[in-house]
Each structure stands twice: as C-alpha cells, then as structure tokens.
Amino acid sequence: MSSSKMNGRSIRINRVPATIFAILLTIVLVYFLNFHQEERPAIYGKLRSDNPNRVNLRKMLIAAIQASQRGGLEVLDVARSRQLKVRSKGQTDEGVNDPFTDADGRSHCVMKQGLQRIFPRVRIFSEEDKEHCKESHSYDLDPTVLHETAQVPDVSVNAQDVTVWVDPLDATKEFTEELYEYVTTMVCVAVAGRPVIGVIHSPFNGQTAWAWVGNSMSEYLAGLHPPHGQENELPIITVSRSHTAGAKDLARGIFGEQVNLLTAAGAGYKVLQVVANNATAYLHTSKIKKWDICAGDAILHALGGTMTTLNDQLIRYGPDESPVNTEGLLATLEKHDKYMDQLVKYRTAHNGQLA
C-alpha cells in the first residue's frame, strides 16, 4: 500500500487490481503473439516454403487466383484510361494482326513477378516473357479468395515437377475493339506435365472460374448443371472468330451442314462456353499456344470433360515441352469419344486430311 495527500486528505491506492490487470494483459499479449507466429503461416503461408524444393499446391492455387485477378485489375485500369498504346507483334499464320497493348505488359508484370516471388524455383512461362518490367510487383497470399466451403487440402509436390503457364490477356485483338466479354486473364499449374489447377478470370464481369482437379472448384463452376442434350441433337461447336475457315469447314464436314456454329474469341472464353453448356465442343484446327489452353484444360478435366489434340492425344505442359500445340484441339464436357470417332471417319474418308 502507498499513500499521498491531496487537499489535506490521505488517499490510499490499492495496487492489487492493477497488478492483476497487468498479468492478464501480459497473458493476452503472449497468446496473441503466439497465435500470429504459429497460425498465420498456416493460413496465409510463408512467402517461401521451409523446403524450397517443395511446392504447396494449396498456396499455389491461392496465388494463381490472386495473380489472375490482379492482372485483371491492370487490364481494367488500361481500358478505363483509354491509353492502350497498341503496337503489333506481327501476324498470325492466318494473316491476322497480333496486337500488343500496355494492358498485356502491365498484367504480365503483375502476374508473373508476383508468382515468381512466392515460388522462386518453379518454372513460369508467360505469353509476354519478352516484356521488360520497369517495376517490381509482389503480394502476400490471401486465402479469402477461396469460398468458405472450398475443400482445399495441403498437398506438396517437388518444385521441379511444377510448370506454370500465364496468359496475361487472352483476346487482345478483341480488347482493342472493346469486345470485352471475350477478355480473360489465366493461370495454369501443371504437375509432371499435366494440368491440375486452372484459373480463368473475366475482368469485365468480375467472374473467376477456378478448379483443382480431384479436389475443389469455384462456386460458379460447382453451380453449373450437367449437359442434358438429346442423343440426336445437333452439337453446337464454338470456333475462333479470328481464323474460322478451317474449323467451320471441318465442323460442317464432320457434323453436317446444319451444325450450329458459335464464333467467339479467346480460348479461355470458348472453354467457359463449353463448361456453361452454351457449346458442346470447342474446335481449333491450327496451332495454339499452351498458355492459351492450359487453364481451360485443367478446368474441363476437373469437371469430367476432356481436351485433346485432333489426333486424340492429351496435351503436355511440362517445362521441356514446346510452348506451341501444333495439332489443333477438341474440347468437350461429354461425348468426346463420339466426336473423335466422327472426326476419324472424316479423316479416313479424306485420305488422312482434315481440311
């Protein structure tokens, strides 16, 4: 006990409650600090694994979703500024101009640098790898990008088995034409050459479709209804609006002149049309880059669908594989074997040719 005098009166201060309060405050602080030391890495993940030779796929899924969404914000920002600074990378094999904009470059820098900082030993391929990034970009992992009911386990694999494919802006030509519905940003994670995680983000409607094969998927994909077409119903084939001649002719040759054709842009968008049952198949007859198709391949696989070359071969996405698929592709949610059989019959009838 201690005492002091004020206005001639003696005041006694009881130190016991103050001591108890100090002890309780210390306990709370210790608990808080321990929680953040032990639990935060489990939730948010250390930026780099304790074992740099291993990669946690749960963290990679979170990072892939964030990367695609952050890239999408860059695309939106450039679109709103109306300062696209369009230049040409040349022409495609079909003679179509292949444009490049500031949105492609800015999205690339945000997406690839962010992923590479978190996973420094993983091989990451981006469509715009030649682009020089003037600024350094990074972000912390945020698990809130996953919906609450997502069943996402902690699974680790060897870093050397992982390859990431990034498309910073799919459908650039349509982006310059303000056909924004076709525009997507995409990330795909392949393990041992096969796609296991796919993310397709649509910046202009805010929808992010993601799937981890055998584990979980976004609420949007989980809420889709399975196909319910009749057996004899004509299929709806989605083909590219930029180079449609070969695909249209092949579709008519296989399924008849009355086949329904849905022209669209962007490989990511066309896969989303298949998974949403707006198209029964996505047909592409010329070469296509793997960052355009890897995410869609993973999502289709997670939903029970299939993507193959026109020679009915699964597509490989390993680090030593060519970044270009030269054998065309057929992507379906169901009846893949049936459509492939019809394609083989057409090829046989035309001396092995598809056009």
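Cβ atoms are placed via backbone N, Cα and C, with glycine included.
Swiss-Prot annotates Glu127, Leu169, Asp170, Ala171, Thr172 as substrate-binding residues; of Asp249, Asp292, Asp297, the candidate listed for that same site is Asp292. Long-range Cβ neighbours of Thr172 (substrate binding site) (same chain, at least 6 residues apart, Cβ-Cβ under 8 Å): Asp98, Pro99, Phe100, Thr101, Ala103, Asp104. The number of other Cβ atoms within 10 Å of the Cβ belonging to Leu169 (substrate binding site), over all protein chains shown, comes to 28.
Same-chain residues with CB within 8 A of the center of the Glu127, Asp167, Leu169 CB atoms, the Mg(2+) 1 site residues themselves not counted, are Asp104, Ser107, His108, Ser126, Glu128, Val166, Pro168, Asp170, Thr172, Thr185, Met186, Trp291, Asp292. Of the listed binding-site residues Glu127, Asp167, Asp170, the Cβ environment within 10 Å is emptiest of other Cβ atoms at Glu127. Take Glu127, Leu169, Asp170, Ala171, Thr172, Asp292, the residues named in the record as contacts for substrate: the widest Cα to Cα gap among them comes to 12 Å.
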